[in-house]
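Feature annotation from TrEMBL assigns domain 'Electron transfer flavoprotein alpha/beta-subunit N-terminal' to A:7-191. Among the features that TrEMBL reports, FAD binding site is placed at A:R213, A:238-239, A:252-256, A:269-276, A:N290.
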Amino acid sequence: MAENNVVTFLPVLPNGELVGSAAGLLGAAGRLGSPVAVIVAAPGQGQAAAAAAGTFGAQRVYLAETPQTQSVLTAPALEAVAAAVGATGAEAVLVPNDVDGRDIAGRLAVRLPAAVAADAVGIARDAEGNVVHHSVYGSAYTTESAPTHGTLIVTLREGAVDERAQAAEPTVETLEVPEAGSAAAEITGFSENLQASTRPDLRSAATVVSGGRGLGSAEGFALAEQLADELGGGLGASRAAVDAGYAPNSYQVGQTGVTVSADLYIALGISGAVQHQAGMQSAKTIVAINKDPEAPIFDIADFGIVGDAFDVVPQLITRLKERAGGGS
Amino acid sequence: MKIAVLVKEVPDSYGERKLDTTTGLADRGASDRVIDEITARAVEAAVSYADSAQDAEVVLVTMGPESAESMLRKTLAMGADSACHISDEALTGADLGLSAEVLAAALRRIGFDLVIAGDVSSDGTGGLLPTMLAQRLGVAHLTSLDSAQISETEVSGERGTYGGTVSLRADLPAVVSVTERMPDPRFPGFKGIMSAKKKPLETLTAADLGVDAQADVPRSIMLSVTQAPARTAGTKVTDEGEAGTQLADYLAEKRLV
């Protein structure tokens, strides 16, 4: 059987850990062929990340360690991915649909040249080749796309692929990152986000609790935090809550903001404007609590409660604890 | 200093947007056509720099159907100097690769020191075009900027990344894309609206730009379009003091907690 190499780019956090999208990328790659990981890390951080890629199913890892990853935008990763594509003759390249992934995909697509499929929610292989699934207009439509020929580049929506590849013992090959082949921006500084929390990443969390304007204040928003932590879920917010200063920008769920792919989405005090729905309506189960019985969120909620979240949520938490403590 | 701003006409995302399930194209009659809000912010970034700079010229560039011309006229009223509209039936349904080829050719023809775009469009949600243009034009990209500082010779800004914020800079020429964290677009005044009517607006075809839409290069093609079944409302209860408990039982029953 011919070996279909599928190159995935796995971003690395400042602390050297792989970003949460890695498991889904390698899972999707495993569906198409043999998963090959590309990791570009600061010196000394690569081996641990490469080993982690193995646990997510990478058969082979191309590893580049370079301080340039902290000083030059995109170019080191682009050169590493291009080198891995050249070395493996990859038929597909998967990158996460995040800012760095998009930059790599855009430049690589022009450079090869290759067809690029953006914001995919799934990939399959049929007799004709690779078929990419998209969810568009805020999940109102699903579309399928395919390349006419050549290598396919895909930006994969984070959290969209549930499939996981079997853990492997990868062969690790070291890449020397060549000088950037084109003009690149300089990274002049990095400030760590002090609000980094232990909560799961919003994009890929199985459970997401979001708070809206209806929570009334930044103090009120703590109710959403409390429930998210109780459920071990990610924490999100509507644009109205972000604009009102209840929550930071990075929490925003919606068309401008994060698209979640949760099994359970709980909306507290969110009316559910179309823009918000675009970011969450593909959640498998939607629960809404809102005082306004006419709120549009109820039109798409599997379980809607017309009521005050400040009454309902504490009772919900108490009952969940009872159930957990009941040993049943 | 010449700043080219990429603007885009999109279906109004506050209304219902439709795709034609036969052609796979946007059903343009189904919803209002508006300027993509994120690209209006890109225009704001350009005109607010031009307001404070000597000899700064702002050119709007779009690729889109005939209807996009009125969007360009309206947007010129924000203070841009001229507009370029690439409109060609042969470009209907163009994929990202073809769009980038066309827009890069237009930008070369117009000339630029800085290109400003929105980071992700509300209809395509790709977020790839600005970087594809930078690669085609051989210049640096600074994408998804939450803030931007422009000078005669360089552009800098900040963007969110995993675990924090990075600061970026590049010498001009460069391609920049901005996020919705950038300042709100201004409302054009009466004077702006009147003067916009007389501003130069050039219309170009793919052939004018030397682009062959049928060239045998790798393309992404759409195979199928299906309308997702509409989500329907499930159980809806009014809290009479027991709803929290009911919800806990519902979640437990569905094995969601």
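Any Cβ shown, glycine's included, is placed from N, Cα and C.
All annotation found in TrEMBL is predicted automatically rather than curated by experts.
Worth saying up front: this structure is predicted, and the values here are computed from it rather than measured.
A:Q252 (FAD binding site) falls within a strand segment according to DSSP.
For the binding-site residues A:I270, A:A273, the ranking by surrounding Cβ atoms (within 10 Å, all protein chains) places A:I270 first. Here the binding-site residues are A:R213, A:Q252, A:Q255, A:I270, A:H276, and the ones sitting under 8 angstroms from chain B, going by CB atoms, are A:Q255. Using a 10 Å Cβ-Cβ cutoff, A:Q252 (FAD binding site) registers 24 neighbours. Counting other Cβ atoms within 10 Å of each Cβ, the binding-site residues A:R213, A:H276 show the lowest value at A:R213. In the predicted model, the domain 'Electron transfer flavoprotein alpha/beta-subunit N-terminal' (A:7-191) shows an average pLDDT of 94. Taking Cβ-Cβ distances under 8 Å and a sequence gap of 6 or more within the same chain, the neighbours of A:Q255 (FAD binding site) are A:G138, A:Q275, A:H276, A:A278, A:G279.
Following the DSSP three-state reduction, the secondary structure of A:A273 (FAD binding site) is coil. A:R213 (FAD binding site) falls within a helix when secondary structure is assigned with DSSP.
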